[in-house]
Amino acid sequence: MATLIRSKLSNKLSNAATAVSNKSQAKVSGMFAKMGFQAATDEEALGFVACDDLDYDHRQGMQMDILTSEEMGGEGSGDGGVMEGDSHYQRDGTGPPHSASKDGGPTNELAEVKPKITAWEAGWNVTNAIQGMFVLGLPYAILHGGYLGLFLIIFAAVVCCYTGKILISCLYEEDEDGQLVRVRDSYVDIANACCAPRFPSLGGHVVNVAQIIELVMTCILYVVVSGNLMYNSFPNMPISQKSWAIIATAALLPCAFLKSLKAVSKFSLLCTLAHFVINILVIAYCLSRARDWAWDKVKFYIDVKKFPISIGIIVFSYTSQIFLPSLEGNMAKPSEFHCMMNWTHIAACILKGLFALVAYLTWADATKEVITDNLPPTMRAIVNLFLVSKALLSYPLPFFAAVEVLEKTFFQDGGRAYFPDCYGGDGRLKSWGLTLRCSLVVFTLLMAIYVPHFALLMGLTGSLTGAGLCFLLPSLFHLKLLWRKLQWHQVFFDVAIFVIGGICSISGFIHSIEGLIEAFKYNIEE
């Protein structure tokens, strides 16, 4: 009798506790729904459960296949390394590739042998993106920003490293075992998840447009700076800056045949080595004139009209977020991603700060938009040749990423693709795919010819898409997708980054447009 009474009391207490918990959860969900952070619906929850069940069944099935193959003495079975890889397959991608497709047929062999990159190779790619040609405009940013410009170089490094990490965290969800599973593959997938269920594809379209603008503008800037450097290196030759840009573009046409990120990583390694040689030469020359450094010219006040352009230049010099989902997905060990981001951004911050400061101290108010134009003629020619080779080696990374975005959007989007696939069944590039790539190279040339203003283009791109992709969207997506797991300081950081990034983006965009209008109005050449 006593046992029966205790069981009834226990049931009533548990029911009451459940009711209170449900009411509290409903109030909290209602409050955050008003703020735009919608809790998962019952259908979404059931969907996650179904995904977890399928994931569990899949992993169990893979283990049974391995055990069966071991019992039968199959040639492909491992001694335990395969089992270990399988246990981490969903988390870090180190497990074996799938042996069959969903319908039981063989998978594409190209997908199985897709080369993975190491953390060092991924680091070279990121270093190439954030330590590339655009450091040439940083002394110009110090000219208009003084010590505040130096502070922004450090601040932008910290913020971009943080937003890169939180962007990758949005690719993952926890399964029933508490392990992180990569449920999204790209920046577009993250945007679509944030806009679902009302506008399931709106976010993807916005990010796609921003990515394409950012990547294509980066390619255009490489062509612009190549023509500018060659023209200033050999001013006595009867070749104009536009003609040098055409010659540089002719050397870039083989980029149309790139098929994997592995080849791009090799270019990035060579590019980074060239970058260090350039930095050493320029800094060595500046140090040789250390006695004439104009410390009194480094000011604490800013040029209100020009400094917003400098903000765009600094932000654009750190943009790598659009490459990160692809890089992390192609890494053999994604668990090393955070460490890779730390050392690449610390190195970039130190080298950029030193380069910008010593270069500005050397030439002070005579600092030009492309700092190598301040060098003596002979040394300028040598350094500019290294810079042109670096620009040509840097071009493939944004070009490959832009082509990948275009192909996935218009050619490889399953049944929703607008055009046929660019690749045949044997993995070869079809004629229209090659035409798309060649057209993109030619388009970057035409833009470089008609808008040859390096610093203004860099500031405009950094303010328009750089701030959006590096500051605004990652912080917004992080709040939207992971707000239940965020601590108060993470929420504060995300909101602060969003507000500051928005202000910098708007002001920099307005002043960059004004600068371009003025340059065209008075026919100002670089």
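Including glycine, each Cβ sits where the backbone N, Cα and C put it.
Bear in mind that TrEMBL entries carry predicted annotations, made automatically and left uncurated.
Pulled from TrEMBL:
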- 70-108: region 'Disordered' (REGION)
- 74-83: compositional bias 'Gly residues' (COMPBIAS)
- 116-513: domain 'Amino acid transporter transmembrane' (DOMAIN)
- 147-168: transmembrane segment (TRANSMEM)
- 209-231: transmembrane segment (TRANSMEM)
- 243-261: transmembrane segment (TRANSMEM)
- 267-287: transmembrane segment (TRANSMEM)
- 307-324: transmembrane segment (TRANSMEM)
- 344-363: transmembrane segment (TRANSMEM)
- 434-451: transmembrane segment (TRANSMEM)
- 457-479: transmembrane segment (TRANSMEM)
- 491-513: transmembrane segment (TRANSMEM)
| request: Could you tell me whether the transmembrane segment (243-261) and the transmembrane segment (434-451) have 3+ CB pairs under 8 A, leaving out pairs under 6 positions apart? | output: yes
| What stretch of 147-168, 209-231, 344-363, 457-479 shows the most Cβ pairs under 8 Å to the transmembrane segment (267-287)? | 344-363
| query | Hey, does the transmembrane segment (491-513) touch the transmembrane segment (209-231), meaning at least 3 C-beta pairs closer than 8 angstroms, sequence gap 6 or more? | reply | no
| request: Compare 147-168, 457-479, 491-513 by their Cβ pairs under 8 Å to the transmembrane segment (344-363) and return the stretch that comes out on top. | output: 147-168
| Restricting to the same chain and to residues at least six past its boundaries, which positions have a Cβ under 8 Å from a Cβ of the transmembrane segment (457-479)? | 37, 134, 137, 159-160, 163-164, 166-167, 169-170, 187, 190-191, 194, 207, 210-211, 213-214, 217-218, 220-221, 224, 308-319, 321-322, 451, 486, 490-491, 493-495, 497-498, 500-502, 504-509, 511-513, 515-516
